[in-house]
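J.: This is the feature table in TrEMBL:
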REGION    B:1-22  region 'Disordered'
TRANSMEM  B:33-56  transmembrane segment
TRANSMEM  B:62-80  transmembrane segment
TRANSMEM  B:87-104  transmembrane segment
TRANSMEM  B:110-134  transmembrane segment
TRANSMEM  B:141-160  transmembrane segment
TRANSMEM  B:198-216  transmembrane segment
TRANSMEM  B:294-314  transmembrane segment
TRANSMEM  B:326-342  transmembrane segment
């Protein structure tokens, strides 16, 4: 029982606030959940783990009243309930922090936090109290966000914090957190964990969903594993290793999180940039990539990693600096000239910037190189089109019922593979992977790491931008650490560790070491 | 509890998805047939209520009436698939028509040069729309609203708000002539029409419809048009020249408006600066009835043609049954609401 404070003689005495018994949910043709049981005690953090499509989201939607179960019972505070809408579950004290951000961009932070629940004075909104209450919620999280600014001016991480503040303001009995840290930095995640510990002490029951199993050790008491819509197990977190959980999630054991490298980094530099500056965003950024090497970009959110990659790719303007590929200086004005030069950029935001999700698999795969599947006047050759896309579906092991499947119906891992395939078809020289495994399940992550390693082994220069330090350390040969729009240090991965990287990333180091 | 792995714990992912995909396709087919079916139902109802409806002559009349909606609708479909809108086509067709007429009448130019000038006027208006949208980054609604007022104003200005007539018989050839017309002179010296022929405007509609559908489905350009509507950022980051392709769709819309203007003026053998008021709404309605999504990324030319026929047959049939113009508007308004609602039901979940 792991020495939890509220256990007495091995029996947990905290009351069960929420209990699901044998719950099933069917959609036409798909059994999303079958016979899942789950219970949540007051003051505990109960993690729900499973791969994409395991039924976690469906389960949460049943608890919060988005879906109604086809079978089984939900008991809340000792009484059977069936919420018809999220408004009902919210009124009863069940709050959910969604994975997708549900904020209104043109309203202020305070207005978002109390949307539809504004404190009133007669017919009017009590603005003073609104601001004060919002400020209190934000202070509790320990974040420095002005409640008066419009949400559209905030970063993704700040939006996530506002979303969390909104849920806190409900004073919920049960709080559901769906991937709350996916866009937070290490530091911000720590702030969130502190709040979670406070909430636990106050007796709030928290259901916690995350792909980042390593961070669970900080806060999680029990863990329930789902697989393919079925209940697998519930255990005290302390009794399990992360490998145990992963093995249950995927139904087999995974020896290693990262593949054994097959690439052999050489000495010759294939790509280098120097003195890249975009006023107010980053300045004097220089790095090079050697043949067969994966270069990691580490740093906190907003340190300038994505911004540098986007500028090199021509998606944002550059004020100064030179870019050299194979000894030739490149003139990049827009993404087209960058692509022409052999640079590929895999965006951190797949759905917003990487894929045309309404379009089918094959159309997305050939999108960046239509000229290769069409004749000189631009008429598409259907056979070439089909063969080329089929080749990448096979090569990357993309799981799709057909080439004409709309991309939005595929899992995150397969979507990411389609973006990789799209760029591979372009035969790029340099690829920027921006958060390539965010929101992707464990098995698919491994496959993507393998692909990156193979590409590097084939002589493609790779930059890996990641907020997960273990990923940067596990996958790159050298790491450039960003802080405040500058590279603070470039370190050899095998000579460094998380502490040293964090030291530079937080801005404490000032010398630019060379690996 | 830890490891339940019987054969049922791995439900094969294929069958349910396969099922869904198939039913998606079935839904698509059903919707296409629903639109076609409603066309047939309309035709049956109208031929039952009016004996003059189901005649070759009336069929040609409908086809003629539909051509202008369909040509404008094709342009509207291109623009709407990219996520834009073109409100200017009604005014642009009037401007194009009067330009064609004035070139013929005032400059004494051959008719084909006049028509060409008219069509190019339409293209120019479309190009300006496209540049305003892609370079000045104004919302398409505003850009084309401006063009709608400007083009109409110019058309009224250069004609002094008067119709341009006296253009000569041959100006009417494009709008009134037909292909494969079989005519003979009988013993009494009167012409006998054994087959009225296919009117040139209908021929134009068919040819342009086929080309437009081919470009959209089978060319790189068409693929980019869908990609921009589906996700403009992703298209740009894939190397698509988003500005140029978007501007192209407005040029298509403007050019087709110019052509429609020439055809309409030719049919009347008179150029009216007040012609085509609110035609843009018919064009948008035909695209929307045909399944084009105003959010962008979705739409077909065949759907738009069907939509144009739905509107044309409704108007014609209601006219023949003596339904007032006001009631017609109410009915067509309801048809738009219901078809789009059905379309949304289909796309939900």
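All residue numbers here begin at 1 and follow the chain in the order shown.
Glycine too: its Cβ is placed from the backbone N, Cα and C atoms.
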J.: Using Cβ atoms only, state whether the transmembrane segment (B:62-80) and the transmembrane segment (B:294-314) have three or more pairs under 8 Å that are 6 or more apart in sequence.
T.: yes
J.: Cβ under 8 Å, sequence separation of at least 6 from the ends of the transmembrane segment (B:110-134): give me the contacting residues as numbers and ranges.
T.: 84, 86, 88, 92-93, 95-97, 99-101, 103-104, 140, 143-144, 146-147, 151, 168, 170-171, 173-174, 242-244, 246-259, 261-262, 265-266
J.: Grab the same-chain neighbours of the transmembrane segment (B:198-216) for me: Cβ-Cβ under 8 Å, and only residues 6 or more beyond its ends, written as numbers and ranges.
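T.: Sequence-distant neighbours of the transmembrane segment (B:198-216): 60, 63-64, 66-68, 70-71, 74, 77-78, 81, 173-180, 222, 225-226, 252, 256, 259, 263, 267, 300-302, 305.
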J.: Restricting to the same chain and to residues at least six past its boundaries, which positions have a Cβ under 8 Å from a Cβ of the transmembrane segment (B:294-314)?
T.: 32, 35-36, 38-39, 42-43, 46, 62-63, 65-66, 69-70, 73-74, 76-77, 80-85, 205, 209, 212-213, 216, 226, 228-231, 282, 285-288, 328, 331-332, 335, 339
